[in-house]
Amino acid sequence: MAEKLHISVLCGGQSTEHEISIQSAKNIVNTLDAAKYLISVIFIDHVGRWYLIDQPEMFLAHSPDHLVKEGSARPITIAFGDAAKPWQSLNGDGRRYSADCVFPMVHGTQGEDGALQGLLELLNLPYVGANVQSSAVCMEKDLTKTVLRAGGIPVVDWHTLSPRDATEGVYQRLLDRWGTSELFVKAVSLGSSVATLPVKTETEFTKAVKEVFRYDDRLMVEPRIRGREIECAVLGNGAPKASLPGEIIPHHDYYSYDAKYLDPNGATTTTSVDLSESVTKQIQQIAIDAFKMVHCSGMARVDFFVTPNNKVLVNEINTIPGFTNISMYPKMWEASGLPCPNLLDQLIELAIDRHQEQQKLIRCYEVKARSL
């Protein structure tokens, strides 16, 4: 019988998406096949402290904060030098804990922006999802669009602002440029529609800019696209494949954080999408092309707008898509014939395969000094 792989699922973090991360991690832990894997959870609290939860059933039954308070979550630190045992106890015994592969499910800042991926690279650990560079590019929405547009991928137009930029007259210039007074002001590097605000007047625009700068040091403005919100899941490394598309039908004014996570009737999500075969194939091909363009690996969800005249526009790429029981990434793959347990198996296999390929690369180049 093959030895079980030890999978560490990372969640929490110092991010506005902390709670969503925990929901995603719970669904993954609940879905992973315990006959194949030894499962532990690494929880990062709001101030950045790390904890090990090695009883997955406790994690499923209680909040991580509750487990920390009662002592079931052990405080740990990062231990370099032994990739097989990267977690070290802070309880005084110095015990080290193993991991064969890490499944990062820390959404947003410090989890999806390359910071966590860089740490896992330094630990020489296989991990699920995009590498440092791809994570950083996709987290910065304006950089994502710059790269995609340069590669010929159609994107929603945008304008970027920093706190140093003067905002006087910007709204009118953008209105003239796009021919609409309806705009979105959003943080460049946040997800889940955090700090994303619709505006229709210059007064609302000025207020929104001030509000978004409370969350990020750069923001982007986009014209509001009156079209269908379509998503497509991508899976793979060198030869990625795309799922059947899904659709978000918001019941709020737009697909806000509240509509996504707080209001059970905030939106309808469906994997039975009424699109022509040609548009469906176009979405799938653009999703794969975008995935390759930013050198993603493992997984990503590509979000689109489809206009009334069937123009397909990429909105953003999410390298750690939600994995809650209502999240679209696993649902789209299930609709495409790949159930979530098998999807998780493939993601872990892809992570280990990529790590093994990386280990074959020459990292040190010895040059003999020429004698003088």
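A Cβ is built for glycine as well, from the same backbone N, Cα and C atoms used for every other residue.
Swiss-Prot has this to say about the protein:
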- 145-349: domain 'ATP-grasp' (DOMAIN)
- 176-231: ATP binding site (BINDING)
- D303, E316: Mg(2+) 1 binding site (BINDING)
- E316, N318: Mg(2+) 2 binding site (BINDING)
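Overlay of Swiss-Prot annotations on the structure.
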residue	record	Cβ within 10 Å
D176	ATP binding site	8
L183	ATP binding site	23
L190	ATP binding site	25
E204	ATP binding site	16
E211	ATP binding site	14
R218	ATP binding site	17
I225	ATP binding site	19
D303	Mg(2+) 1 binding site	20
E316	Mg(2+) 1 binding site	19
N318	Mg(2+) 2 binding site	23
Task: Would you kindly give the Cα-Cα distance separating E211 (ATP binding site) and E316 (Mg(2+) 1 binding site), rounded to the nearest Å?
output: 22
All-chain count of other Cβ atoms within 10 Å of L197 (ATP binding site): 20
- request: To the nearest whole angstrom, state the Cα distance for the pair E211 (ATP binding site) and N318 (Mg(2+) 2 binding site).
  value: 23
Message: I need the CA-to-CA distance for I225 (ATP binding site) versus D303 (Mg(2+) 1 binding site), whole Å please.
response: 13
- request: Find the average pLDDT over the domain 'ATP-grasp' (145-349) in the predicted model and report it.
  value: 92
